[in-house]
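S.K.: What Swiss-Prot records for this protein is below:
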{"type": "BINDING", "residues": "77, 118, 119, 120, 150, 151, 178, 289, 372", "note": "thiamine diphosphate binding site"}
{"type": "BINDING", "residues": "149, 178", "note": "Mg(2+) binding site"}
């Protein structure tokens with residue numbers, strides 16, 4: 001470890017770097033790595049991506065002048081070094097905690113965070129907008145999007161590349177190529193980049209030819225200029241064409257992204273170049289920390305706390321399986337008996353626990369990369385051929401495929417089973433990753449069934465019901481983390497479409513809820529019983545369609561009704577119950593909703609966030625007592 005003279009906690013902005021020589025910059029890099037490893041070992045975070053961009057980030061801030069020059073960090077989880085160099089090292093003990101330092105770029109956090117990210121493949125389009133605004137306003141600054149090879153597989157990135165090349169405006173795109181995104185990359189572009197990584201022969205040959213020609217007296221310069229086409233021919237012979245030059249970029253690289261001097265030199269070349277430039281740098285995810293460097297699965301992409309000395313994770317004893325594992329295990333069981341079942345994931349095989357499925361049924365498993373729109377319509381295509389596709393996708397990423405859900409899946413009433421992972425609050429990743437919008441946007445689509453199980457047994461039953469259903473798409477939501485630990489019975493059963501479960505018969509009032517908030521409702525009902533209130537609890541496992549027969553019986557009791565959901569109130573489950581009440585003219589019933597407000601929910605622990613919005617036994621008890629008092 002280095003002993004750099006500058007205390008990282010005292011950095012206020014990147015201007016100090018301009019006075020450092022290359023050895024001092026390298027010492028700074030070593031200190032930043034040590035700081036990141038120590039800090040994230042306590043808090044957790046995206047350690048792998050950040051260790052890989054230490055030299056790149058230092059070189060960017062050394063070469064350019066932030067915030068006048070604009071850095072846009074695609075996905076944004078690799079912005080920790082940027083945060084350190086822009087004066088936020090002292091806040092790292094609050095990283096991803098409620099009210100603390102955000103794990104992604106945040107405009108309100110620093111003037112150096114010019115664009116907020118969290119989902120992938122957005123940086124290039126944002127950069128196009130900034131470049132156009134700059135030129136219209138006749139301003140002078142550089143726009144530098146930094147995008148990874150994984151994010152570059154997203155369709156939005158290709159759309160932007162096409163536009164950038166066509167515009168021909170000044171822009172410097174940094175391709176941070178570490179041969180991984182969260183999991184190992186897939187797809188044809190990955191193969192193209194692989195060829196470019198090994199094309200040093202071409203780069204050296206091109207440079208040497210140019211130098212030799214320009215040494216020829218008198219005619220040398222002209223000969224070098226007219227030889228460009230010949231050199232392009234050599235390029236095609238050696239690397240079968242460079243994708244980015246065909247799009248209109250000047251391509252620089254590939255270069256070693258951990259060689260500070262080389263990175264700075266190439267950034268200076270890019271600054272002096274007119275038109276769009278793509279600088280292709282090769283980095284090692286997890287650089288400088290052996291457990292992260294050796295990671296081939298994506299385990300060290302983002303972690304909880306860990307022991308620095310051993311690289312072992314500090315986790316509470318795991319006694320039950322995760323929700324993702326429960327769903328994946330049932331998918332495996334079903335697929336073993338039905339060759340029509342196919343699994344699709346957009347770059348999340350590890351998080352969705354589909355690795356075992358991929359090994360067992362390789363011909364029926366498809367990781368399509370960061371391509372949610374393609375994954376969804378691909379599932380629709382499979383369904384037209386009597387296959388049974390299972391689309392495993394995080395709630396926050398399902399947003400990206402809304403049109404495909406509407407136009408390709410639901411409109412055609414195709415039998416696609418959608419496993420909506422990380423549904424509800426996810427905690428530390430904050431605004432960009434909370435899975436709180438899917439109910440609202442799926443509720444508006446005809447032919448869509450939306451469900452959420454209360455425990456592992458019901459998850460299994462809903463999976464079996466979904467694959468037996470043959471009248472359109474069927475979504476199963478499940479949260480991040482572990483289930484409640486319900487043991488599975490020897491055999492499963494199908495649940496009638498739209499049928500809820502009465503767990504406690506309502507007398508004085510009733511709570512309608514589903515998924516993990518059911519446990520909180522039961523605790524609240526127990527507390528209310530101690531107070532002499534007989535409050536029913538209904539497991540509304542079908543969010544759409546509603547159990548209208550049961551709702552009619554409840555409304556006719558004329559007792560207070562409380563809906564509880566870990567999702568947005570606008571367009572949510574409670575809103576659907578209110579619509580039912582209005583449509584059926586139940587005007588003499590008191591009904592209230594507990595859920596998340598019309599705002600983006602920041603990072604922090606899930607229990608703390610839930611408590612702050614009253615989605616807890618305490619909040620439920622208070623609301624029920626308030627409603628009962630009003631109805632007297």
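Cβ coordinates come from backbone N, Cα and C, glycine included.
Help me picture where these features are in the structure shown.
M.R.: In sequence order, 346, 393, 397, 398, 400, 401, 404 are the residues of the chain that are 6 or more apart from residue 372 (thiamine diphosphate binding site) and have a CB within less than 8 Å of its CB.
Applying an 8 A CB threshold to same-chain residues 6+ apart, the list for residue 178 (thiamine diphosphate binding site) reads 49, 52, 148, 149, 282, 283, 284, 285.
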S.K.: What is the one among the binding-site residues 77, 119 whose Cβ has the most other Cβ atoms less than or equal to 10 Å away?
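M.R.: The most densely surrounded of these binding-site residues is 77.
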S.K.: Including all protein chains displayed, how many Cβ atoms other than that of residue 149 (Mg(2+) binding site) lie within 10 Å of its Cβ?
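M.R.: Around the Cβ of residue 149 (Mg(2+) binding site), 24 other Cβ atoms lie within 10 Å.
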S.K.: What is the maximum Cα to Cα distance, in Å and rounded to a whole number, among the residues 77, 118, 119, 120, 150, 151, 178, 289, 372 annotated as binding thiamine diphosphate?
M.R.: 32
S.K.: At a 10 Å cut-off from the C-beta of residue 150 (thiamine diphosphate binding site), count the other C-beta atoms across all protein chains.
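M.R.: The answer is 30 other Cβ atoms.
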